[in-house]
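**Student:** Dropping a structure here in structure tokens format, bear with me for questions.
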Amino acid sequence: MQTWSLVSICVLLGVVVRWGVSLNYYSGAGKPPMFGDYEAQRHWQEVTYNLPVQEWYFNTTDNDLNYWGLDYPPLTAYHSWICAYIAKMINPEWVELHKSRGYESPAHKLFMRATVLVADLLIYIPAVVLYCLYLTDGSSKKKVSTLLCFLLYPGLILIDYGHFQYNGVSLGFALWGVLALGLGWDVLGSMAFSLALNYKQMELYHALPFFFYLLGKCVKLGLMGRGLFLLARIAVTVLVTFALCWLPFLSDPSQTMQVVRRIFPVARGLFEDKVANTWCSLNTLIKIRSILSSESQLYLSFACTLLAILPSCIRLLTKPTFWQFKLALANSSLAFFLFSYQVHEKSILLAALPVCLLLNNLPLMAVWFLQASTFSMLPLFLKDGLLVPYVVTSLAFLFFSIYLLSALERCSEEELRLGSLP
Amino acid sequence: MAAPVAESWSWFPVLALGVSLLKCLFISSYHSTDFEVHRNWLAITHSLPVSRWYYENTSEWTLDYPPLFAWFEFGLSHVAQHFDRNMLVVENLNYASPSTVLFQRLSVVFTDLVFIFATRECCRCVQEQKGSRDVLNRPSFVLAVLLLWNFGLFIVDHIHFQYNGFLFGFLLLSVAKHLQARHLQGALLFSILLNLKHIYLYVAPAYGIYLLRSYCFTQDNKDGSVRWRSFSPLRLLALGSIVVSVCALSFGPFIVMGQLPQVLSRLFPFKRGLCHAYWAPNIWALYNVLDKGLALLGVRLKLLEEAELPRASMTGGLVQEFQHSVLPSVSPSVTLVCTLLSILPAVASVWRRPRGALGFLRCLLLCALGSFMFGWHVHEKAVLIAVLPLSILAVESREDAGIFLVLTTTGHYSLFPLLFTPAELPIKVSLMLMFTVYSFTALRKLHSSQGPLLRPLEIIYLLGLVAVGIACEVVFPLSPWQQRLPFLPLLATSVYCSVGVCYSFLRLYVSLLRRDEEKPKQT
């Protein structure tokens, strides 16, 4: 069968599964006074539409930062503004200042879910399709199998379409960055990744591999010639992208500082709730949070994170191949997840994306990790009433990936690349 | 994906499991009143004695399926009591707690196992092409996908809510048994099916004539005509005893209690109108539209008085009696006569020149489609009785594949009004696109060596479906006519699809009669 038809069937199946999950509850459904992430996104639409840009990140009478204050970089705010503009055309009650707090209705739920789907269709899904078709090796059947498994990864579906978030946008931009870098378009790749960073600051988990890969490439091209030129172009692109995204906030230094303070809340402790990283696990044996002071906790996590990612980054610097880059992405995001400060369980998605890129090469380990990552978010899903979608999507992902990618058959030492360095 | 050289069926469980998991994802989606119908029947069969089953009418959804289905619901109710006892209380009308929904939805998914088993048997009957190593290109694989992932069956069973997968499993299994020349088993399965849902009476003539001709007469003459001497009374007795014993098992208790007339009156309620609230895309839809059109024309040309026209609206939301204004009104006996006339050539062809089990399948198809076209109070869901068996023929013959594409796409699109909620719009569009893309590309690849599947006119018609779809789902709700003529999209869908269905019916007949003209082949 032709590849285009198989690809379209996979994409349609991905859309059906996503919409099927979205029929269930979202976070904080029917739970006043704070509700959940769904209400947070709706509130941001309300704030960005009704208030002037200068007030978005500040605590004013109209904008109470304690009730889901904006804590993502400006691109999220612009996205919320666009959604609010459309919402106002359909039903102004959804984004009315103050009065729309806690607004819940079937029509509104449909609208919000639709915004997630539209964002996915525009950004995330095309990136996945292009990645699987152009940067995966093997027969076209293998590429389509990888595409199907990539699109069926349960963690992202359940968080974006169940719990309610827009991870598809930031991960999609990051994936566009990876795609561009893989095809050799370094400047476009760095622009895409800058956009990802400006959407969610957690993309910093992926930043160091991007930096070291591009630096290593420039070094290889020769720091006195083309390498320097490339470095300059990348630097200018990144700076211009950041400047464009932060334009309304650059006029006043206090504005810029306030945004930075909102997106990096260092006052909030080593970890919150239960999350599957070292600090939370260690805390069951040694009560770190009470032993060390807040500042030393910060330094400790910083040191451990750095220590964990340095080896792969140095290797990437000396040997900037695409394969190394993918591995470094996985390593860096996992290191950040395990050792960083104020990690939420949803941050495992940042590690899941690079591992999805490895589905084709290391199917067994990738499937294993992806399954475990979804499982690690189970308490969150139970809280949101998403047990049935969780079971269904996890089982489907497990069976399809094991069957289509022959995960259990490719288990030799050489296949698993556990041996010496290639 | 490594392509194994030997005949490996490992893909079948994956397909079956995949579609079953997808079904579980829609547990919390919209469900129609059919959900309450089945909950009510669970309650009736569980809480009341057998003598009251067909007399109970606390709810408007009285038991109107044959007794075997009532026993099936009785069996289900024993599992249901572990989910939520309150659903089994007859007075709890419209009770739909989360456990109830979970139980009912899971019961449909579970009983679909019959359908999955039947698909497996049908795939086994399909001839494989020699030397095709690519799994995706095998007729059995294509048939499995066309049956297991059938769009119409999926949305009718798992969103709208019904037990069609379970019933079609019996039908397809019986067909498979006939294809494998195990006629007694096939007859047994069909008798069970008839006693589960009597709508399959429509295809009973095909079974009756075929079994009489090909099973009771053991041999044919050299030119294919019947050899009267080879009649075997033993075989007729065997068939008869199977059918009678199944019916006795099913209706027996009610005959003993003297309730047979009441049961029959529940099974065949002729008070309902010619057409369902949403017209099924059959001949009567075109007839209605013609009548309306002529009436409007008559009023415009001052040939008729507007006051003389009957007031009842054919497009009203409830099922009502209505009359036609210009053309003669249609009564149930007229539809019966039309149906019988329409299936007569097919049945006669099976009698004169049976072409083995495939000829029987074609006749079954035509009986199903004929009764869909001319029947009384037909539901649009009944198009599935024609679509599913046609899949078997489509993977083997190029001409049938072309007819299949037209009938299936049209029939599936005509099911769209069943899911009218906005939340289900992306689901039905995506699933329909998925199935359509797959059926077109897979069948084209399968029959690639024999030329194009569709004629240009058919392609234009199918593209027109897209235009109708966009107009009805997107443009119309946002236009000013939404208030004044709310039933216009239903009308448009119904009429446009009936053209396609009528066309497929005629083409199938032409193909059958053309085969009749050829020399009889060895079966």
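Glycine too: its Cβ is placed from the backbone N, Cα and C atoms.
The annotation signal peptide is assigned in TrEMBL to A:1-22. Annotation source TrEMBL lists transmembrane segment at A:110-132, A:144-161, A:173-197, A:204-223, A:229-249, A:298-317, A:323-341, A:348-370, A:390-408.
Neighbours and distances for these, please.
**Tutor:** Long-range neighbours of the transmembrane segment (A:173-197) within the same chain, counting only residues 6 or more positions beyond its ends whose Cβ lies under 8 Å from a Cβ of the stretch, are 73, 75, 123-124, 127-128, 130-131, 134-135, 203-204, 206-207, 210, 213-214, 217, 230, 233-234, 237-238, 241-242, 245, 322, 325-326, 329, 353, 357.
Long-range contacts of the transmembrane segment (A:204-223) within its own chain (CB-CB distance under 8 A, at least 6 residues past either end) are made by residues 174, 177, 181, 186, 189-190, 193, 196-197, 230-231, 234, 309, 312-314, 316-320, 324-325, 328-329, 331-333, 336-337, 340, 347, 350-351, 354.
Counting only same-chain residues 6+ beyond the ends of the transmembrane segment (A:229-249), those with a CB under 8 A from a CB of the stretch are 53-54, 57, 73-75, 186-187, 190-191, 194-195, 198, 214-215, 217-218, 221, 223, 255-256, 259.
Counting only same-chain residues 6+ beyond the ends of the transmembrane segment (A:298-317), those with a CB under 8 A from a CB of the stretch are 208-209, 212-213, 215-216, 219, 266, 270, 278-279, 292, 324-325, 327-328, 331-332, 335-336, 338-341.
Counting same-chain residues at least six beyond the ends of the transmembrane segment (A:390-408), those with a Cβ under 8 angstroms from any Cβ of the stretch are 17, 21, 145-146, 148-149, 152-154, 157-158, 359-360, 363-364, 367, 370-371, 374-375, 378, 381.
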**Student:** Within the same chain, where does the transmembrane segment (A:110-132) have neighbours whose Cβ lies under 8 angstroms from its own Cβ atoms, ignoring anything closer than 6 residues to its ends? I mean 6 or more beyond.
**Tutor:** 7, 11, 14-15, 18-19, 22, 26, 38, 41-42, 79, 83, 86-87, 90, 94, 143-144, 146-147, 150-151, 160-161, 164, 166, 168-169, 171-173, 175-176, 178-179, 182, 357
**Student:** Near the transmembrane segment (A:348-370), which residues from the same chain, at least 6 beyond its ends, have a CB less than 8 A from one of its CBs?
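**Tutor:** Residues 131, 136-138, 142, 146, 149-150, 153-156, 159, 167, 171, 174-175, 178, 202-203, 205-206, 276, 323, 326-327, 329-330, 333-334, 336-337, 376-377, 397-398, 401-402, 405-408, 410-411, 416-417 contact the transmembrane segment (A:348-370) from elsewhere in the chain.
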